[in-house]
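What TrEMBL lists as NADP(+) binding site is 166, 167, 168, 232. Marked as domain 'Tetrahydrofolate dehydrogenase/cyclohydrolase catalytic' by TrEMBL: 6-121. The domain 'Tetrahydrofolate dehydrogenase/cyclohydrolase NAD(P)-binding' feature in TrEMBL is assigned to 140-288.
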Ligand code: NAD
């Protein structure tokens, strides 16, 4: 039996459509256009690609996009002063500082200088605390996207055993908090977990966020389980020609698809949901800033 493929590309398009509808309502009924400011420091090629597609999709859903490109040798003071300016700009509802930052800049300091209400990445310590205590927070985009797909597939997640592999601040830990918030019994596995295969075999939901190509084989998966593959890894693909590469997840898709009940592919699974959730968070931040009703189904 082959698993249901959870189509993140289609789901993300649906989320962007809902965001666009809400943006149109904000403009038409209240004369407010949500604005997202993205700050990029340096010339990291992958970051440039992300920032470009974020800007493009922001405009596509009808929001204002503000891109701030700073040179790699920008001082911490200059970056903090830009963030302060954006914090105080009423036309900016969301601020995202593209990570990683050049080594001479203190990421924690920079992230924690963003107004938590505009922290659409959900990395500010206040948002981490709010999420951890079950309060209204800005939720990190990738785990939020995973949660949306799980809710869409299952309806209620209550009582399910969930295993999150990876304990990073941007994916693993917030993912675990969200699943706990939806009343799953949550295990966080990591590089020191003993007998990872046995831990994963107990899971109704597996979220893999490690960064190791195809490390989770199908025989670790409980038959019928739902597998959310966050990993994005580039590997050699000699079958496509010399020097060619392809993207794979942290799960060995070909074997896992035979056992799982549902699975996200890579590419086309979690990846597209991340930007869609960034746009959703920006609309949410805009509604909260203006004391208006938040879009339904686009928050945790
Ligand atoms: P990270 O490097 O910060 O964290 C990786 C985690 O994996 C660590 O907590 C570590 O303990 C755990 N780990 C390492 N080796 C392990 C092992 N052998 N067994 C079990 N656990 C192990 O990575 P991250 O930022 O959380 O990203 C994880 C993956 O998700 C990467 O491939 C990244 O590219 C991808 N990612 C995708 C998106 C998206 O939009 N789809 C967003 C963020 C990250």
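Cβ atoms here come from the backbone N, Cα and C positions, even for glycine.
Automatic prediction, not curation, is the source of TrEMBL annotations.
Taking Cβ-Cβ distances under 8 Å and a sequence separation of 6 or more, the neighbours of residue 166 (NADP(+) binding site) in its chain are 172, 189, 190, 207, 208, 209, 210, 211, 230.
Farthest C-alpha pair in the NADP(+)-binding residues 166, 167, 168, 232: 16 Å apart. For residue 232 (NADP(+) binding site), the same-chain residues that are 6 or more apart in sequence and have a Cβ closer than 8 Å to its Cβ are 247, 249, 266, 267, 271. Counted within 10 Å of its Cβ, the other Cβ atoms near residue 168 (NADP(+) binding site) come to 16, all protein chains included. Each residue of the domain 'Tetrahydrofolate dehydrogenase/cyclohydrolase catalytic' (6-121) gets a DSSP state, and the totals for helix, strand and coil are 59 helix, 19 strand, 38 coil. Per DSSP, the domain 'Tetrahydrofolate dehydrogenase/cyclohydrolase NAD(P)-binding' (140-288) is made up of 62 helix, 30 strand, 57 coil. Cβ environment of residue 167 (NADP(+) binding site): 173, 188, 190 lie under 8 Å away, each six or more residues apart in the same chain. Taken together, the residues of the domain 'Tetrahydrofolate dehydrogenase/cyclohydrolase catalytic' (6-121) have an average pLDDT of 97.
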